[in-house]
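What follows is a short report on a single structure.
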Amino acid sequence: MDELNVSHLTLTGYVEMSKYRCLYFSVLFAVYVLIICSNATIVCLIWTHKNVHQPMYVFIAALLFNCLLFSTTVYPKLLIDFLSETPVVSVSSCLLQFFLFYSIGGTEFWLIASMAFDRYVSICKPLRYPAIMRRSTVKALLILAWLVPACHIAPEAILSAKTRMCRSDLSGIFCNNAVFTLHCTKPRSLTVLGVVALLDLVILPMLFTVFTYTKIFIISHQSGKSFRRKAAETCVPHLMVLISFSYLAAYDVAVARMETDFPKTARLIMTMQIFLYHPLFNPFIYGLKMKEISKHLKLLCTTRV
(Lines of atoms letter the chains of each structure in order from A and count residues from 1; the text may use other names and numbers.)
(Lines give C-alpha, C1' and ligand atoms only; values in the text may rest on other atoms or scores of the structure.)
Protein backbone atom coordinates (compact mmCIF):
# COMPACT_ATOMS: atom_id res chain seq x y z
CA MET A 1 0.00 0.00 0.00
CA ASP A 2 1.11 3.60 -0.65
CA GLU A 3 2.34 5.63 2.26
CA LEU A 4 0.29 8.73 3.11
CA ASN A 5 1.25 11.97 4.77
CA VAL A 6 -1.42 11.60 7.45
CA SER A 7 -1.89 14.47 9.91
CA HIS A 8 -5.50 13.82 10.96
CA LEU A 9 -7.56 10.67 11.44
CA THR A 10 -11.29 10.27 10.84
CA LEU A 11 -13.16 8.23 13.45
CA THR A 12 -15.58 6.00 11.55
CA GLY A 13 -16.93 3.85 14.38
CA TYR A 14 -20.12 5.82 14.99
CA VAL A 15 -23.52 4.58 13.81
CA GLU A 16 -26.08 7.09 12.44
CA MET A 17 -24.24 10.03 14.00
CA SER A 18 -26.47 12.68 12.42
CA LYS A 19 -29.64 10.85 13.53
CA TYR A 20 -28.64 9.98 17.12
CA ARG A 21 -26.29 12.88 17.87
CA CYS A 22 -28.42 14.30 20.70
CA LEU A 23 -29.03 10.87 22.22
CA TYR A 24 -25.32 10.02 22.16
CA PHE A 25 -24.40 13.33 23.76
CA SER A 26 -27.12 13.23 26.44
CA VAL A 27 -26.38 9.67 27.56
CA LEU A 28 -22.60 10.04 27.61
CA PHE A 29 -22.76 13.44 29.32
CA ALA A 30 -25.04 12.05 32.05
CA VAL A 31 -22.77 9.03 32.56
CA TYR A 32 -19.66 11.25 32.74
CA VAL A 33 -21.27 13.50 35.37
CA LEU A 34 -22.25 10.43 37.41
CA ILE A 35 -18.70 9.08 37.15
CA ILE A 36 -17.21 12.35 38.38
CA CYS A 37 -19.69 12.76 41.24
CA SER A 38 -19.61 9.16 42.50
CA ASN A 39 -15.84 8.66 42.35
CA ALA A 40 -14.98 12.14 43.64
CA THR A 41 -17.42 11.79 46.57
CA ILE A 42 -15.74 8.63 47.90
CA VAL A 43 -12.24 10.01 47.30
CA CYS A 44 -13.15 13.14 49.30
CA LEU A 45 -14.69 11.05 52.10
CA ILE A 46 -11.49 9.03 52.41
CA TRP A 47 -9.39 12.19 52.24
CA THR A 48 -11.32 14.08 54.94
CA HIS A 49 -11.97 11.32 57.51
CA LYS A 50 -8.88 10.33 59.49
CA ASN A 51 -10.32 6.99 60.65
CA VAL A 52 -10.02 5.68 57.08
CA HIS A 53 -6.44 6.88 56.54
CA GLN A 54 -5.30 3.28 56.31
CA PRO A 55 -3.43 1.60 53.42
CA MET A 56 -6.51 -0.28 52.19
CA TYR A 57 -8.58 2.92 51.90
CA VAL A 58 -5.68 4.87 50.45
CA PHE A 59 -5.46 2.28 47.66
CA ILE A 60 -9.24 2.49 47.14
CA ALA A 61 -9.01 6.28 46.85
CA ALA A 62 -6.14 5.91 44.38
CA LEU A 63 -8.17 3.39 42.35
CA LEU A 64 -11.21 5.68 42.18
CA PHE A 65 -9.02 8.66 41.30
CA ASN A 66 -7.51 6.52 38.56
CA CYS A 67 -11.07 5.85 37.29
CA LEU A 68 -11.58 9.60 36.99
CA LEU A 69 -8.38 9.89 34.95
CA PHE A 70 -9.36 6.87 32.84
CA SER A 71 -12.75 8.41 32.01
CA THR A 72 -11.26 11.83 31.29
CA THR A 73 -9.03 10.35 28.58
CA VAL A 74 -12.16 9.30 26.64
CA TYR A 75 -15.34 11.21 27.55
CA PRO A 76 -14.41 14.86 26.77
CA LYS A 77 -13.25 13.95 23.24
CA LEU A 78 -16.37 11.84 22.68
CA LEU A 79 -18.63 14.71 23.73
CA ILE A 80 -16.79 17.07 21.38
CA ASP A 81 -17.19 14.56 18.53
CA PHE A 82 -20.93 14.36 19.11
CA LEU A 83 -21.15 18.10 18.47
CA SER A 84 -18.93 17.97 15.37
CA GLU A 85 -20.04 17.30 11.83
CA THR A 86 -17.12 14.92 11.20
CA PRO A 87 -15.29 13.29 14.13
CA VAL A 88 -11.60 13.85 13.46
CA VAL A 89 -8.48 13.82 15.61
CA SER A 90 -4.89 14.81 14.91
CA VAL A 91 -2.36 11.99 14.89
CA SER A 92 -0.45 13.52 17.80
CA SER A 93 -3.63 13.89 19.89
CA CYS A 94 -4.65 10.34 18.98
CA LEU A 95 -1.33 8.93 20.15
CA LEU A 96 -1.53 10.99 23.35
CA GLN A 97 -4.96 9.51 24.03
CA PHE A 98 -3.54 6.05 23.26
CA PHE A 99 -0.72 6.61 25.74
CA LEU A 100 -2.98 7.91 28.53
CA PHE A 101 -5.67 5.26 27.98
CA TYR A 102 -3.31 2.29 28.24
CA SER A 103 -0.94 3.66 30.88
CA ILE A 104 -3.88 4.50 33.17
CA GLY A 105 -5.46 1.13 32.35
CA GLY A 106 -2.21 -0.60 33.34
CA THR A 107 -2.18 1.41 36.57
CA GLU A 108 -5.59 -0.10 37.40
CA PHE A 109 -4.14 -3.63 37.36
CA TRP A 110 -1.11 -2.58 39.41
CA LEU A 111 -3.29 -0.86 42.00
CA ILE A 112 -5.48 -3.96 42.32
CA ALA A 113 -2.34 -6.07 42.77
CA SER A 114 -1.11 -3.65 45.47
CA MET A 115 -4.46 -3.97 47.23
CA ALA A 116 -4.16 -7.75 47.08
CA PHE A 117 -0.72 -7.56 48.70
CA ASP A 118 -2.09 -5.25 51.41
CA ARG A 119 -4.97 -7.67 52.14
CA TYR A 120 -2.59 -10.64 52.24
CA VAL A 121 -0.35 -8.98 54.82
CA SER A 122 -3.33 -7.74 56.84
CA ILE A 123 -5.14 -11.11 56.99
CA CYS A 124 -2.29 -13.63 56.89
CA LYS A 125 0.44 -11.71 58.74
CA PRO A 126 -1.46 -9.32 61.03
CA LEU A 127 1.32 -8.94 63.59
CA ARG A 128 3.78 -7.79 60.94
CA TYR A 129 1.29 -5.55 59.15
CA PRO A 130 2.37 -2.21 60.73
CA ALA A 131 6.03 -2.98 60.00
CA ILE A 132 5.46 -4.03 56.37
CA MET A 133 2.74 -1.62 55.25
CA ARG A 134 4.42 1.56 56.39
CA ARG A 135 3.61 4.92 54.83
CA SER A 136 6.79 4.71 52.74
CA THR A 137 5.72 1.29 51.40
CA VAL A 138 2.31 2.61 50.38
CA LYS A 139 3.88 5.62 48.66
CA ALA A 140 6.35 3.40 46.79
CA LEU A 141 3.54 1.09 45.58
CA LEU A 142 1.47 4.06 44.40
CA ILE A 143 4.41 5.63 42.54
CA LEU A 144 5.25 2.31 40.86
CA ALA A 145 1.60 1.78 39.91
CA TRP A 146 1.58 5.01 37.88
CA LEU A 147 5.20 5.05 36.74
CA VAL A 148 5.71 1.49 35.45
CA PRO A 149 2.74 1.48 33.01
CA ALA A 150 3.71 4.90 31.65
CA CYS A 151 7.26 3.66 31.00
CA HIS A 152 5.88 0.64 29.13
CA ILE A 153 3.37 2.50 26.95
CA ALA A 154 5.53 5.56 26.11
CA PRO A 155 7.93 3.62 23.80
CA GLU A 156 4.93 2.13 21.95
CA ALA A 157 3.42 5.57 21.38
CA ILE A 158 6.75 7.05 20.25
CA LEU A 159 7.50 4.19 17.87
CA SER A 160 3.95 4.32 16.49
CA ALA A 161 4.41 8.05 15.80
CA LYS A 162 7.50 7.26 13.72
CA THR A 163 5.77 4.50 11.73
CA ARG A 164 4.22 5.41 8.37
CA MET A 165 0.47 5.14 7.90
CA CYS A 166 -1.41 3.99 4.81
CA ARG A 167 -4.91 4.83 6.03
CA SER A 168 -6.56 7.80 7.72
CA ASP A 169 -9.89 6.15 8.66
CA LEU A 170 -9.81 4.70 12.18
CA SER A 171 -12.50 2.05 12.74
CA GLY A 172 -13.41 3.17 16.22
CA ILE A 173 -14.67 6.07 18.33
CA PHE A 174 -11.44 6.72 20.23
CA CYS A 175 -7.75 5.89 19.87
CA ASN A 176 -7.13 2.42 21.26
CA ASN A 177 -4.77 -0.19 19.78
CA ALA A 178 -6.80 -0.10 16.56
CA VAL A 179 -4.33 2.63 15.51
CA PHE A 180 -1.89 -0.18 14.70
CA THR A 181 -4.17 -1.28 11.84
CA LEU A 182 -3.44 2.03 10.08
CA HIS A 183 0.28 1.30 9.70
CA CYS A 184 1.61 0.25 6.31
CA THR A 185 3.77 -2.36 7.99
CA LYS A 186 3.85 -3.01 11.72
CA PRO A 187 7.45 -3.04 13.02
CA ARG A 188 8.52 -6.18 14.84
CA SER A 189 9.77 -4.02 17.72
CA LEU A 190 6.25 -2.60 18.16
CA THR A 191 4.84 -6.13 18.41
CA VAL A 192 7.49 -7.06 21.00
CA LEU A 193 6.76 -3.94 23.05
CA GLY A 194 3.05 -4.73 22.94
CA VAL A 195 3.59 -8.29 24.17
CA VAL A 196 5.91 -7.13 26.97
CA ALA A 197 3.39 -4.46 28.04
CA LEU A 198 0.54 -6.99 28.02
CA LEU A 199 2.61 -9.37 30.13
CA ASP A 200 3.88 -6.81 32.66
CA LEU A 201 0.80 -4.59 32.95
CA VAL A 202 -2.04 -7.11 32.72
CA ILE A 203 -1.14 -10.79 32.95
CA LEU A 204 1.46 -10.74 35.74
CA PRO A 205 -0.48 -8.36 38.06
CA MET A 206 -3.65 -10.39 37.43
CA LEU A 207 -1.90 -13.70 38.20
CA PHE A 208 -0.33 -12.20 41.32
CA THR A 209 -3.73 -10.96 42.50
CA VAL A 210 -5.45 -14.30 41.86
CA PHE A 211 -2.61 -16.22 43.54
CA THR A 212 -2.66 -13.90 46.57
CA TYR A 213 -6.42 -14.12 47.09
CA THR A 214 -6.30 -17.88 46.63
CA LYS A 215 -3.82 -18.10 49.51
CA ILE A 216 -6.03 -15.79 51.59
CA PHE A 217 -9.13 -17.93 51.01
CA ILE A 218 -7.23 -21.14 51.75
CA ILE A 219 -5.98 -19.73 55.06
CA SER A 220 -9.39 -18.26 55.92
CA HIS A 221 -11.09 -21.59 55.16
CA GLN A 222 -8.88 -23.23 57.77
CA SER A 223 -9.73 -20.56 60.35
CA GLY A 224 -12.85 -19.57 62.25
CA LYS A 225 -16.10 -18.19 60.92
CA SER A 226 -15.36 -14.60 61.92
CA PHE A 227 -12.01 -14.77 60.16
CA ARG A 228 -13.68 -16.04 56.99
CA ARG A 229 -16.23 -13.24 57.17
CA LYS A 230 -13.50 -10.62 57.51
CA ALA A 231 -11.62 -12.06 54.53
CA ALA A 232 -14.76 -12.14 52.39
CA GLU A 233 -15.78 -8.58 53.29
CA THR A 234 -12.44 -7.10 52.30
CA CYS A 235 -11.41 -9.35 49.40
CA VAL A 236 -14.61 -9.96 47.43
CA PRO A 237 -15.00 -6.30 46.28
CA HIS A 238 -11.41 -6.28 45.00
CA LEU A 239 -11.94 -9.54 43.12
CA MET A 240 -15.15 -8.20 41.54
CA VAL A 241 -13.29 -5.12 40.31
CA LEU A 242 -10.48 -7.31 38.94
CA ILE A 243 -12.93 -9.55 37.06
CA SER A 244 -14.77 -6.53 35.65
CA PHE A 245 -11.65 -4.77 34.40
CA SER A 246 -10.07 -7.97 33.05
CA TYR A 247 -13.26 -8.58 31.07
CA LEU A 248 -13.03 -5.07 29.60
CA ALA A 249 -9.33 -5.48 28.79
CA ALA A 250 -10.14 -8.66 26.86
CA TYR A 251 -12.92 -6.75 25.10
CA ASP A 252 -10.51 -4.02 24.05
CA VAL A 253 -8.08 -6.49 22.52
CA ALA A 254 -10.91 -8.34 20.75
CA VAL A 255 -12.54 -5.19 19.33
CA ALA A 256 -9.25 -3.84 17.98
CA ARG A 257 -8.45 -7.14 16.24
CA MET A 258 -11.83 -7.61 14.55
CA GLU A 259 -12.15 -7.57 10.80
CA THR A 260 -13.72 -4.55 9.12
CA ASP A 261 -16.75 -6.57 7.96
CA PHE A 262 -17.86 -7.13 11.58
CA PRO A 263 -21.29 -5.44 12.07
CA LYS A 264 -20.68 -1.78 12.83
CA THR A 265 -23.46 -1.49 15.42
CA ALA A 266 -22.19 -4.51 17.37
CA ARG A 267 -18.66 -3.13 17.20
CA LEU A 268 -19.85 0.24 18.58
CA ILE A 269 -21.71 -1.42 21.46
CA MET A 270 -18.69 -3.55 22.37
CA THR A 271 -16.36 -0.56 22.18
CA MET A 272 -18.56 1.56 24.45
CA GLN A 273 -18.56 -1.18 27.10
CA ILE A 274 -14.82 -0.63 27.54
CA PHE A 275 -15.39 2.72 29.25
CA LEU A 276 -19.14 2.99 29.90
CA TYR A 277 -19.91 1.13 33.13
CA HIS A 278 -16.62 0.22 34.87
CA PRO A 279 -15.93 3.74 36.24
CA LEU A 280 -19.43 3.59 37.81
CA PHE A 281 -18.96 -0.01 38.95
CA ASN A 282 -16.00 0.80 41.23
CA PRO A 283 -17.67 3.43 43.46
CA PHE A 284 -20.83 1.32 43.58
CA ILE A 285 -18.89 -1.73 44.81
CA TYR A 286 -16.73 0.10 47.35
CA GLY A 287 -19.55 2.39 48.48
CA LEU A 288 -21.79 -0.56 49.37
CA LYS A 289 -19.38 -3.35 50.28
CA MET A 290 -16.81 -1.52 52.42
CA LYS A 291 -18.35 -0.85 55.84
CA GLU A 292 -16.44 2.30 56.75
CA ILE A 293 -17.09 3.96 53.39
CA SER A 294 -20.74 2.90 53.44
CA LYS A 295 -21.12 4.34 56.94
CA HIS A 296 -19.71 7.72 55.92
CA LEU A 297 -21.86 7.78 52.79
CA LYS A 298 -25.01 7.12 54.84
CA LEU A 299 -23.99 9.84 57.29
CA LEU A 300 -23.40 12.27 54.43
CA CYS A 301 -26.80 11.49 52.87
CA THR A 302 -28.55 11.82 56.25
CA THR A 303 -26.87 15.16 56.92
CA ARG A 304 -27.89 16.45 53.48
CA VAL A 305 -31.49 15.39 54.00
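Glycine is treated like the rest: Cβ placed from N, Cα and C.
As given in TrEMBL:
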type: TRANSMEM; residues: 23-47; note: transmembrane segment
type: DOMAIN; residues: 38-286; note: domain 'G-protein coupled receptors family 1 profile'
type: TRANSMEM; residues: 56-75; note: transmembrane segment
type: TRANSMEM; residues: 95-117; note: transmembrane segment
type: TRANSMEM; residues: 138-155; note: transmembrane segment
type: TRANSMEM; residues: 190-214; note: transmembrane segment
type: TRANSMEM; residues: 235-256; note: transmembrane segment
type: TRANSMEM; residues: 268-288; note: transmembrane segment
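In terms of C-beta pairs under 8 Å, the stretch of 23-47, 56-75, 138-155, 235-256, 268-288 lying closest in packing to the transmembrane segment (95-117) is 138-155.
Confidence annotation: the domain 'G-protein coupled receptors family 1 profile' (38-286) carries a mean pLDDT of 85 in the model. A Cβ distance under 8 Å defines the sequence-distant neighbours of the transmembrane segment (23-47), meaning residues of its chain 6+ beyond its ends; these are 14, 17, 53, 57-58, 60-61, 64-65, 67-68, 71, 75, 78-79, 82-83, 276, 279-280, 282-284, 286-287, 293, 296-297, 300.
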